[in-house]
Amino acid sequence: MDHIRNFSIIAHIDHGKSTLADRIIQLCGGLSDREMESQVLDSMDLERERGITIKAQTAALTYRARDGKVYNLNLIDTPGHVDFSYEVSRSLSACEGALLVVDASQGVEAQTVANCYTAIELGVEVVPVLNKIDLPAANPENAIAEIEDVIGIDAMDAVRCSAKTGLGVEDVLESLIAKVPPPKGDPDAPLQALIIDSWFDNYVGVVMLVRIVNGTLRPKERIKLMATDAQYAVEHVGVFTPKSRNLESLSAGQVGFIISGIKELTAAKVGDTVTHATKPAPEPLPGFKEVKPQVFAGLYPVEANQYDALRESLEKLKLNDASLQYEPEVSQALGFGFRCGFLGLLHMEIVQERLEREFDMDLITTAPTVVYEVVQSDGTTIMVENPAKMPEPARIAEIREPIVTVNLYMPQDYVGSVITLCEQKRGTQINMQYHGRQVQLTYEIPMAEIVLDFFDRLKSVSRGYASMDYEFKEYRTSDVVKVDMLINGDKVDALSIIVHRSQSQYRGREVAAKMREIIPRQMYDVAIQAAIGAHIIARENIKALRKNVLAKCYGGDITRKKKLLEKQKEGKKRMKQVGSVEIPQEAFLAILRVEDK
């Protein structure tokens with residue numbers, strides 16, 4: 001066991017994490033040069049294209065060190081994005097060490113810091129690495145100062161390398177072996193294995209990626225998952241050297257996979273403990289929690305006959321993404337669709353993009369909403385994730401909305417504009433620190449404000465230099481109201497929005513004005529109203545199209561003209577009673593685009 005090293009790589013987007021992983025795999029001969037491709041561990045096209053890692057992957061490598069010993073290195077590739085922070089914490093708890101990769105030309109960024117703190121809390125040894133030192137803009141001294149300043153770990157002897165050219169990659173592995181402790185654990189103790197990730201394979205069912213903490217696991221043994229108490233027979237165990245390779249057994253300290261014919265991904269929860277069914281471990285490994293969706297949105301097929309196809313697509317996606325939740329929902333305006341829950345905004349974008357790409361769906365998405373805690377007047381508390389399900393104002397005692405703590409990092413030139421943005425979004429400043437040229441701002445902001453367009457606005461006010469990460473803090477009582485949109489007196493459920501009272505007038509007026517531009521003129525007058533409960537706060541009219549019925553009366557008597565106009569009026573009135581206004585799909589997207597000016 002002294003020759004095993006389990007490590008992962010922490011880095012901000014585009015700091016070269018996947019490239020470094022590629023080089024390490026190549027150096028250790030995990031794949032022949034023919035099979036080598038860039039970003040080996042990012043298996044989804046979407047991961048490659050966006051340059052992000054979504055699912056955790058592993059590679060078991062053998063490396064002959066300079067001291068002549070052969071070491072087994074287990075590389076656990078972690079997602080770097082804040083939406084997947086729970087997965088990151090599971091991946092990190094399976095490791096003893098982490099390479100902190102920092103781009104020498106850019107310095108420290110928000111997500112690096114967030115994941116690095118997670119690593120330090122879990123007691124993982126962090127080894128700093130400066131990447132991209134072949135760039136003319138590289139400034140290693142500055143980057144080292146930032147690592148020491150912002151994260152507070154000693155970085156004087158940080159390894160300098162360039163993953164692109166392969167320069168210094170061996171030094172990275174050497175310092176990894178020197179600094180990271182070997183895994184602790186007893187191969188003879190009762191089995192305890194941590195599920196780092198799981199995914200669905202069409203041939204063998206669910207594949208679980210595990211780190212064996214104690215004990216030994218062999219094929220044909222019966223295992224039990226401690227969170228659900230379900231039992232299965234193990235069919236295969238093995239490791240990935242990115243390609244899968246079956247082994248006789250997996251023992252303490254190793255990272256590998258278990259295949260045991262599980263059909264449902266929801267059975268193999270990330271962070272759960274696997275143990276023997278016959279002599280189970282006395283207690284599960286700490287840190288397991290159920291992942292709860294934070295952001296909800298409605299997904300509807302553009303064509304009504306695509307509903308079944310959408311359901312199948314969601315089921316298939318759910319096989320590989322246990323944190324996605326969905327339930328059927330009917331909207332008067334959009335027909336049949338699903339209400340889906342996501343971990344965060346990036347997760348939502350990815351799910352939408354995969355549905356459109358891999359399953360050729362055409363989708364309409366409603367405005368993303370967050371979950372509100374509503375205390376009703378009879379004292380019961382309900383969770384409302386859909387504005388249409390919000391009770392009547394008279395039955396509500398108080399509404400609590402989710403508050404998140406946001407950490408923002410930016411160069412000091414942009415502090416003013418970022419603070420202005422946070423104030424607009426009802427944020428309260430908690431902290432502000434200067435680290436050299438970088439500034440760290442900490443804010444508490446209602447999640448609903450972040451969901452809409454905070455990230456895009458942040459990037460635009462800081463010219464792309466600011467980075468952020470957020471985590472849920474608590475539910476807090478707030479004065480939020482539900483604004484309904486009425487068209488000719490009928491509520492349109494899909495257009496309801498929940499906003500803070502201070503912004504309700506403005507948002508109501510904006511949406512109404514936007515709808516007026518979008519809805520085509522009808523043969524009769526259309527009234528668009530925004531209402532809070534029974535109180536109308538905004539109104540726009542769309543004038544009717546009318547034929548000039550007086551065209552054929554030259555001169556003539558006024559009573560004749562009056563008669564014709566009255567007759568036209570009667571007709572319009574009748575039309576209005578039976579006519580229904582078609583709402584074009586752009587109207588639903590318009591709500592999303594009502595920015596806070």
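Glycine too: its Cβ is placed from the backbone N, Cα and C atoms.
Since this is a predicted model, take the numbers as computed values, not measurements.
According to Swiss-Prot, the protein has these features:
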| type | residues | note |
| --- | --- | --- |
| DOMAIN | 2-184 | domain 'tr-type G' |
| BINDING | D14, H15, G16, K17, S18, T19, N131, K132, I133, D134 | GTP binding site |
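According to DSSP, S18 (GTP binding site) sits within a helical segment.
Long-range neighbours of I133 (GTP binding site) (same chain, six or more residues apart, CB within less than 8 Å of its CB): A104, P140, R160, C161, S162, L167, G168. Note on the domain 'tr-type G' (2-184): its mean pLDDT in the predicted model is 73. Cβ neighbour count within 10 Å across all protein chains ranks N131 highest among the binding-site residues S18, N131. Residue density at G16 (GTP binding site): 23 other Cβ atoms are found within 10 A of its Cβ, drawing on all protein chains shown. In the three-state DSSP assignment, the secondary structure recorded for N131 (GTP binding site) is strand.
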